Amino acid sequence: STAGKVIKCKAAVLWEPKKPFSIEEVEVAPPKAHEVRVKIIATGICRSDDHVISGVLVMPFPIILGHEAAGVVESVGEGVTSVKPGDKVIPLFVPQCGECSVCLSTKGNLCRKNDIGPASALMPDGTSRFTCKGKAIHHFAGTSTFTEYTVLHETAVAKIDAAAPLEKVCLIGCGFSTGYGAALQTAKVEPGSTCAVFGLGGVGLSVVMGCKAAGASRIIGVDINKDKFAKAKELGATDCVNPKDFTKPIHEVLMEMTGLGVDYSFEVIGHTETMAAALASCHFNYGVSVIVGVPPAAEKLSFDPMLLFSGRTWKGSVFGGWKSKDSVPKLVADYMEKKFVLDPLITHTLPFHKINEGFDLLRTGKSIRSVLLF
């Protein structure tokens, strides 16, 4: 048994920004009290990981990225009660401690124990469980899934159905839940409403699915890559528009298409100009615009405050507004009951050592979700 021992395994280490991943042998320490060591089976490639490589999301280096995954518990530290060795689990980049003001509120989901920003990039006790070539390696978002084994705090891991296919449900660890929940939980899209979704990547398509599940009558997909339109329509978009096809600003195009603007708009890209456009494209008085894409570090947004004065609501959504430890097992159960699909989001499945190819597919717009298998 490996319990209580250091495990040597393969991991994708990012030694510095704007460089490819390096597959290295790392040492993964055993879990301390209230920690869980997990063998990762499948992990998705998400734009947020690429944001660290590009410098949009500022993190310390060297680091093991990855936050959308599924695996099996290898061993647990002292005092862990919610999971046991052999359990199938999904790591949670938004933990749920159950004790902080946010966890105790019925409204929020961004547990105070999160390590998204500003990030320590370490375990909650301020230390790392990874070493490589004698150097401590940083964690990412309390998850670090681009490795055969990782260590998570018990508050950052959810036990799921033992029959769940891990190479599919790993998307519930980030991309799918983030988009689907932005529509259902954050915006609370109503039946018969009109929606616009800016950005039709994996998360944007999940927003489309959430709008459809909520009963929206019109769902307009907005993307500069028209190759994304067929899949968007397959998943529920009623119209798709490419801003490049128009000389006028996209919010004016959407206003003309809908009369007074959409009831709900979603920015799922992470660009300040599209955030402002999404706000301007929703109904002047009761429109709701939701920021889902990760905003770039150190950028400011300028917009006409009259857009809000007239009554619009502007809000953000992290992990789809779901309280993670409570909701992830339920979302997996819903998937098992075929209440939604994940297959159309997974365009590529690659062996783990091809991680750099997977990121190239993301950057060139050739993939929606690539899943890496160990």
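Placed from the backbone N, Cα and C atoms, the Cβ positions cover glycine too.
What Swiss-Prot annotates here:
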- CYS46, HIS67, CYS174: Zn(2+) 1 binding site (BINDING)
- CYS97, CYS100, CYS103, CYS111: Zn(2+) 2 binding site (BINDING)
- GLY199, LEU200, GLY201, GLY202, VAL203, GLY204, ASP223, LYS228, VAL292, GLY293, VAL294, ARG369: NAD(+) binding site (BINDING)
- SER1: N-acetylserine (MOD_RES)
Nearest-integer angstrom distance between the alpha carbons (Cα) of CYS111 (Zn(2+) 2 binding site) and ASP223 (NAD(+) binding site): 32
Between CYS174 (Zn(2+) 1 binding site) and VAL203 (NAD(+) binding site): CA-CA distance (Å): 9
Other CB atoms within 10 A, centred on CYS111 (Zn(2+) 2 binding site): 24
Cβ-based neighbourhood (8 Å from the centroid) of the Zn(2+) 2 site, residues CYS97, CYS100, CYS103, CYS111 excluded: PRO95, GLN96, GLY98, GLU99, SER101, VAL102, LEU104, ARG112, LYS113, THR155
CYS46, HIS67, CYS174 excluded, remaining Cβ within 8 Å of their centroid (Zn(2+) 1): GLY44, SER48, ASP49, GLY66, GLU68, PHE93, ALA141, THR143, GLY173, GLY175, THR178
Rounded distance in angstrom between the Cα atoms of the residue listed as 'N-acetylserine' and VAL292 (NAD(+) binding site): 42
Integer Å distance between the CA atoms belonging to CYS100 (Zn(2+) 2 binding site) and ASP223 (NAD(+) binding site): 38
Alpha-carbon distance [CYS103 (Zn(2+) 2 binding site); HIS67 (Zn(2+) 1 binding site)] in Å: 21
Among CYS46, CYS174, VAL292, VAL294 [binding-site residues], residue with fewest other Cβ within 10 Å: VAL294
The one of GLY199, GLY201 whose CB sees the fewest other CB atoms within 10 Å, among these binding-site residues: GLY201
Whole-number Å value for how far CYS46 (Zn(2+) 1 binding site) lies from VAL294 (NAD(+) binding site) (Cα to Cα): 11
